[in-house]
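Contents: one structure, followed by commentary.
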Amino acid sequence: MPKGCLVITVSGLAGSGTTTLCRNLAKHYGFKHVYAGLIFRQMAKERGMSLEEFQKYAELHPEIDREVDRRQVEAAKECNVVIEGRLAGWMVKNADLKIWLDAPIRVRAERVAKREGISVEEAFMKIAEREMQNRKRYLNLYGIDINDLSIYDLIIDTSKWSPEGVFAIVKAAIDHLYEKV
């Protein structure tokens, strides 16, 4: 692994490839992979709730979102960490590299359908509804417009590249950053 201390955030909408990229980065560089989903599961366990119970609880308690985000910020104090989450780029203001992955909703729906074993149409509807709800929630909770990509250093349309191609693009950026630290 190159020398230095980097904090990288990877954000994107459902089916854009954030988890795949983060796993590849963690494996290649030995980065610690922190993701909001894991933090959320840990919090459910801490409260003795199933994931489903905790999701319903979190919908009624905005402090859960704030705690997930706080824990992501805390993780950013470590060296050589990749933090995955829709708001990670917004929350981890001092990240060395902020990445946004995107793809047309139809492509993302196909990926989610394959991953979850549902129809593309069902995945499309779930994604569209979730994105609308999340956008409202982020605006209300933080005043953040998730569609504002101006904070990102690197924006990649993952429909144009294989997972290996996306990794190669990001690897080139990280290797360049390591030359500077």
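FYI, residue positions are counted from 1 along the chain as it appears here.
Each Cβ is built from the backbone N, Cα and C atoms, and glycine gets one as well.
As recorded in Swiss-Prot, the features of this protein are as follows:
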BINDING   Gly12, Leu13, Ala14, Gly15, Ser16, Gly17, Thr18, Thr19, Thr20  ATP binding site
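In this view, the densest Cβ surroundings among the binding-site residues Thr18, Thr20 belong to Thr18, judged by other Cβ atoms lying within 10 Å. For the recorded ATP site, residues Gly12, Leu13, Ala14, Gly15, Ser16, Gly17, Thr18, Thr19, Thr20 set the reference point as the centre of their Cβ atoms, and the other residues of that chain within 8 Å of it by Cβ are Leu21, Leu101, Ala103, Arg108, Arg111, Thr158. Long-range Cβ neighbours of Gly12 (ATP binding site) (same chain, at least 6 residues apart, Cβ-Cβ under 8 Å): Thr18, Arg86, Trp100, Leu101, Asp102, Thr158. Counting only same-chain residues at least 6 apart in sequence, those with a Cβ under 8 Å from the Cβ of Ser16 (ATP binding site) are Leu101, Asp102, Ala103, Arg108, Thr158.
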